[in-house]
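Here is what TrEMBL records for this protein:
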- 7-88: domain 'Domain of unknown function at the cortex 1' (DOMAIN)
- 84-94: compositional bias 'Basic residues' (COMPBIAS)
- 84-161: region 'Disordered' (REGION)
- 121-134: compositional bias 'Acidic residues' (COMPBIAS)
- 135-147: compositional bias 'Low complexity' (COMPBIAS)
- 147-323: domain 'Domain of unknown function at the cortex 1' (DOMAIN)
- 336-345: compositional bias 'Low complexity' (COMPBIAS)
- 336-384: region 'Disordered' (REGION)
- 346-369: compositional bias 'Basic and acidic residues' (COMPBIAS)
Amino acid sequence: MAEKYIIRVTAGSDYNIDSHVVVPVNSHEMVRVSNDFIDAEINVRVQNYHGLPRNSPTTSPYFSLEPHAANDDQYSLALRFTAKRPKKSHRRQQRPSPASGPQPHPCLGSAPGVSGPRGTEEEDAGATGEDDEASSSASSTPASETGISGHDLQFGNDFDHPIRDRLPPGFSYAMSIVKWWIDPGLDGDPYADAPYLYGPGLSSFNAVHVGAGVHDPEKGGLYFEEGGDEAGMESRRTMGCPDGAKERRKWALGDGAKDAWVFEYGRTYCVDFFNPYLDFNDFALRLPGFTLPIMKYWDGQGLRYVLRNRSTGDTYLVIVFTLHLKEDVDEDGWLKPAATAAPETKTTRNEEAEAGRISDRDDTGEMENRGAVVSDAGDDDSVD
């Protein structure tokens, strides 16, 4: 069955895939996404890739570098982003999420998206303390005034339609492996009408670099390791964040850490999400002691990664891995008109919100979102 399909990866600033751009997988060329909340650049790498665009490289120099070679990593989503201070017209009362976990994902943000270069101006924000007492003191100035709190920046997967009837035997066991071995901060409801699994970005991302990082074609494009530039390292240590990736991810599971950490408006951050568990060549999920043949249970929905705000429901960026029948793709790699009208890919968050199935948020305005592919970001930033 898998041989009948081909993967296409798209990215954009909302859930509407019609507004996305195709990601040049394994190319050092970046996709730029911009809206009222964020300016971001994206590189997607997939090992043994045989998808669209046609003639894409099957691999990236990234996978020959450490720790990816030793890990046998199969894919990477590398993001460089700068959060924007919300415009006054878009600010609204924030409602806290239930203590038990993240809110169900709402519809799109209300602000129109634009395509353009990422911001580079850094804004100073009040430093937060290293311990719980300092964190409590820092919370007197809401993170929403200076940036996005460690509690609120979420990264994960969600779906438009229920998947509970397609979940395989042993799914609960697989989830226990994921939460115990891979990402203890992951939470959500895979049995919901609109399933979701999100984790705090602070603990979910494999690498967090505070600063502009580096764009190096010889390393596959955006490339950065845990840490930051000089100012970024000072910021991390002020917030009490450990220097190492493993230590930071463990630290970030605590509420005190998420209280202390702020993704500041105007400051550039680089994050990388990678692992060896999802094989896009064989369409299989390979966990320690558990292998799932994805095609056997696939219901036609794409695999969607979302960067979002937990408290406001604002969508920052969306990356979608979609399977298309090869017969629906022309020789130049474009989808034929009939393929773009597939019903399972056309339901958007706006439509579900209007039906009252997602959120009672009062969003107004028409959203127009664009992305752009950039061969160079106009700079070749280096890591200090």
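The backbone N, Cα and C atoms fix where each Cβ goes, and this holds for glycine too.
Owing to the predicted nature of the structure, the values given are computational and were not obtained by experimental measurement.
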Which residue counts does DSSP yield for the domain 'Domain of unknown function at the cortex 1' (7-88) in the helix, strand and coil classes, in that order?
12 helix, 31 strand, 39 coil
Please give the average pLDDT for the domain 'Domain of unknown function at the cortex 1' (7-88) in this predicted model.
97
